[in-house]
């Protein structure tokens with residue numbers, strides 16, 4: 001068996017070839033995606049400002065300004081929808097191209113010199129290569145683009161809306177034992193503490209999920225391989241019926257699948273407790289932090305809604321790990337499975353050449 005670091009490094013050695021070529025379409029598409037992310041952030045800031053202006057007009061019962069803001073919302077919403085649709089096209093095009101490039105490379109090496117006849121079961125952890133090629137390569141190439149875009153968006157959003165929270169929220173004076181303590185940028189501090197607590201809790205509760213998903217996928221692959229073995233039996237008039245030992249082996253594989261599925265279920269229950277609690281609590285925490293300044297007259301209704309929306313936006317950005325924990329676990333599992341297949345192909349090729357050589361991409 002290979003350790004996880006070796007498997008991950010071997011995967012990236014092959015997977016990044018497409019992105020290292022500066023003349024590749026992938027580089028242009030990646031640049032396009034980054035521009036879309038920046039434009040979406042601009043629209044998000046404008047919508048946050050619109051939110052403030054709308055509720056300020058509502059508080060003042062200013063009908064003219066309300067109608068003006070309603071008309072301003074239409075082009076902002078239309079541009080946001082257009083950017084979202086363009087982002088989906090660019091993202092899925094990049095994922096499709098990356099999957100095709102890596103699949104062609106792996107399948108080419110797998111078929112070369114009939115290696116597929118010798119690979120299955122050659123090394124523990126390389127069983128069912130067809131599934132690794134068809135499914136794990138897809139997961140391993142889809143997820144990085146989604147996760148990276150989400151991470152970049154979250155990072156830029158957090159830093160941008162920090163400014164909104166710091167400017168609108170200002171400082172908060174808190175009396176403690178007769179002494180007034182002033183907390184500068186208290187909304188920024190609040191969102192950092194809250195988000196940090198949620199992310200830490202998620203990592204603590206779900207730290208076993210990657211291993212569980214990997215074992216669950218492996219047990220599924222072994223169950224399929226055991227079932228496929230029946231189809232490989234010689235079909236003839238004098239063929240013997242499937243003996244009890246082989247049937248029992250299939251049922252044992254099924255029991256392993258169900259065992260790991262149950263364990264995955266409990267892991268998902270635990271992480272859902274955190275993610276759904278956060279979904280419910282974040283808006284309430286934002287409003288509670290803003291209410292004291294609103295009640296004291298230091299905030300208008302528009303500033304209150306703008307600050308609360310900015311708090312939730314920043315918290316969602318910091319919440320990247322909480323939102324994507326299961327996706328990360330799925331991705332790591334598939335990366336390890338693809339990496340083990342690539343290393344096994346390297347070893348087969350080295351044997352064919354009678355001496356070890358550098359790994360082919």
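Even glycines carry a Cβ here, placed using N, Cα and C.
Taken verbatim from TrEMBL:
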- 25-47: transmembrane segment (TRANSMEM)
- 33-330: domain 'ABC transmembrane type-1' (DOMAIN)
- 67-90: transmembrane segment (TRANSMEM)
- 147-166: transmembrane segment (TRANSMEM)
- 172-194: transmembrane segment (TRANSMEM)
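Most Cβ pairs under 8 A with the transmembrane segment (67-90) among the ranges 25-47, 147-166, 172-194 are made by 25-47. Taking Cβ pairs closer than 8 Å, the transmembrane segment (25-47) reaches residues 18-19, 76, 79-80, 83-84, 86-87, 90-91, 93-94, 97-98, 145, 149, 152-153, 156-157, 160-161, 164, 313 in its own chain, all 6 or more past its ends.
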